[in-house]
Amino acid sequence: MNMKEISKVVDLVRESNPLVHNITNVVVTNFTANGLLALGASPVMAYAKEEVAEMASIAGALVLNMGTLRPEEVEAMLLAGKSANVNNVPVLFDPVGAGATSYRTEVARHIPAEIELAIIRGNAAEIANVINERWEIKGVDAGAGNGNVVSIAKQAADELNTVAVITGEEDVVTDGERTIVIQNGHSILTKVTGTGCLLTSVIGAFVAVEKDYVKAAIAALTFYGVAAELAAAKTVEKGPGSFQIEFLNQLANTTSGDIEKYGKIEVI
């Protein structure tokens, strides 16, 4: 799997304009929609239990994000996820803050038990808590811990029968057999709320057009990281507000050629 092959997935997303159904959180809804539009995907945010199953059935991908967790949204996620499974629509799950509270952890473990996932994406602490491994977490954005990230990712992929994506200073993608580390990105992403949540939805757009989910995730993470690097280079003296605007620009403007030039991946 070379960089040229990976970079072509970006062009495929833009040519296909996939519909990505998001059941996401109130903090990031606008940013997620704008990010997907900038990339070239078509976002829809449908939450009502009366329509989520139908909407999920016609989407290219379904993204479930439990950032601002409420019981009615959990019900909607389960309805949408089961419909997606029946209709062969890939489901991505972002277990935001798993481990922070008992309710949040319970939901984070219940959803993968009920729904077949194409991708689970979170920081190391979140993924560890989904599979009931001890890992310290403080708040929904915490990711620091003392475990082995690659080991946790492989364990999650095996136990949940999915592709596990753990993001941090470096990003890990694995299906339990193939394991790749992506080394693109920029620390200023942590200063803008919703960049992780948007990333999961961007992976959804890539998964909608590339059925090798490992390849799709690698392509999405590399694209996202390169776009962040290019945006940071243009706004380094200005701060996170300017970065956020420029990042949306780079989601629209970063090309497959940029990915070939700047992408950094390592197979381990």
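Each Cβ is built from the backbone N, Cα and C atoms, and glycine gets one as well.
Swiss-Prot annotations:
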- Met45, Gly194: substrate binding site (BINDING)
- Arg121, Thr167: ATP binding site (BINDING)
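Reported as a whole number, the C-alpha separation between Gly194 (substrate binding site) and Arg121 (ATP binding site) equals 14 Å. For Met45 (substrate binding site), the number of other Cβ atoms no farther than 10 Å from its own Cβ, over all displayed protein chains, is 15.
Highest local Cβ density among the binding-site residues Arg121, Thr167, Gly194 belongs to Arg121, counted as other Cβ atoms within 10 Å over all protein chains shown. Distance noted between the C-alpha atoms of Thr167 (ATP binding site) and Met45 (substrate binding site) is 24 Å. According to DSSP, Met45 (substrate binding site) sits within a strand segment. The distance from the Cα of Met45 (substrate binding site) to the Cα of Arg121 (ATP binding site) comes to 19 Å.
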